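Pulled from TrEMBL, these are the features on record:
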ACT_SITE  GLU285  active site, nucleophile
BINDING   PHE102, ALA103, VAL104, TYR107, ASP193, VAL194, ASP195  UDP-N-acetyl-alpha-D-galactosamine binding site
BINDING   ASP193, ASP195  Mn(2+) binding site
Amino acid sequence: MRNICSHKTVLALSLPTLFFVYHIPYSIRFLEGLIPMGKCELYHADMKLDNAGDKGLNFGSRTDIQTCTYWGAPIIWDGMFNPEVYDRTHTKDHTSVALTVFAVGRYLDVYLKDFLISAELHFMVGFPVTYYVFTDVPEKIPALKLASGRELKLMPVKRHSRWQDVSMMRMKSIRDAIDSCIQHNHQYVFCMDVDQVFRGRFGTEALGDSVALLHAHYYHRFRRMWTYDRNPKSQAYMADSQGDFYYHAAVFGGSWQSVKQITDTCYRTIMEDKKNRVEALWHDESHLNKYFWKHKPSKVLSPEYCWDTSIGYRSDIHIARLLWQEKQYDRLRGTGS
């Protein structure tokens, strides 16, 4: 859930960058797609793989993109894996997944039903999944028939007057849900924004101990164009020389232990900023990027796991598994939304 920051000092500094990121012409976006990514320079034996399914990854099957990080984490792209191998592995392990999503105010009316219906068709199909829907209007949750072994749990949350606070405070809500319920029922947790819709397999190949997502708008851009928080007063501050990739907070996950550490750390740094009357440029996403720079993810998902069609054609995106929905900020981010 992103928009231009409300703080005037941040707005003045970031507006040119933000305009360039989201409003450049298709022709320039096409050309930036020609900027090569790095290459996977590690041997399979040097990889730090999470589970037996990862051992079947073919890192040399895609020569057009980067298939691993320098610290040995796989970057998952179409064509690198056999879905059946992953599914067999996780069936044997009796894997169960929690999917957290926030549907607060008018976001519930506009996005939640499509999100859940599409998740039933494409997200961890054939595996036990519990949707943890955090909402301030539980009476509006749509009645849906879910597949066997899948359920929905309502998680009441407080309504905030600013969407920025909804975005940042989700870290505390997820951490608390892991403590009270998720850790007793699921090995893995995914945390997603509600304004998305599944369009292809989002399966067990995405599971890992600590999972981050390459942001669709940044994965071909130079480091100087990544919009980390540059305010030294913020706990999310990143120097120009820091950072590995720019990650999207719309999707992150991992084992419940790792997601608890992620959300707890981000919540503490957000609250430290609040105490100092500081707000990071991209709110929880800025804090998440700082976390993943200091604590490297064990698996990275390619942008096909959260794609924005407004970017236009990219030859390296063979399938769009999860799509950004049309943003309706004027409608959704009024008072009390």
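Cβ atoms are placed via backbone N, Cα and C, with glycine included.
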Task: Neighbouring C-beta atoms (10 Å sphere around the C-beta of VAL104 (UDP-N-acetyl-alpha-D-galactosamine binding site)) - done: 24
- [ ] Round to a whole number and give the Cα-to-Cα distance in Å for the pair TYR107 (UDP-N-acetyl-alpha-D-galactosamine binding site) and the residue listed as 'active site, nucleophile'.
- [x] 19
Task: Site with most surrounding Cβ atoms, counting all protein chains shown within 10 Å, from the binding-site residues ALA103, VAL194 - done: ALA103
TODO: For ALA103 (UDP-N-acetyl-alpha-D-galactosamine binding site) and the residue listed as 'active site, nucleophile', determine the Cα separation and express it in whole Å.
DONE: 18
Task: ASP193 (UDP-N-acetyl-alpha-D-galactosamine binding site) to the residue listed as 'active site, nucleophile' - Cα separation in whole Å - done: 12
- [ ] Please find, for PHE102, ALA103, VAL104, TYR107, ASP193, VAL194, ASP195 as listed binding UDP-N-acetyl-alpha-D-galactosamine, the greatest distance between any two Cα atoms, in Å.
- [x] 11
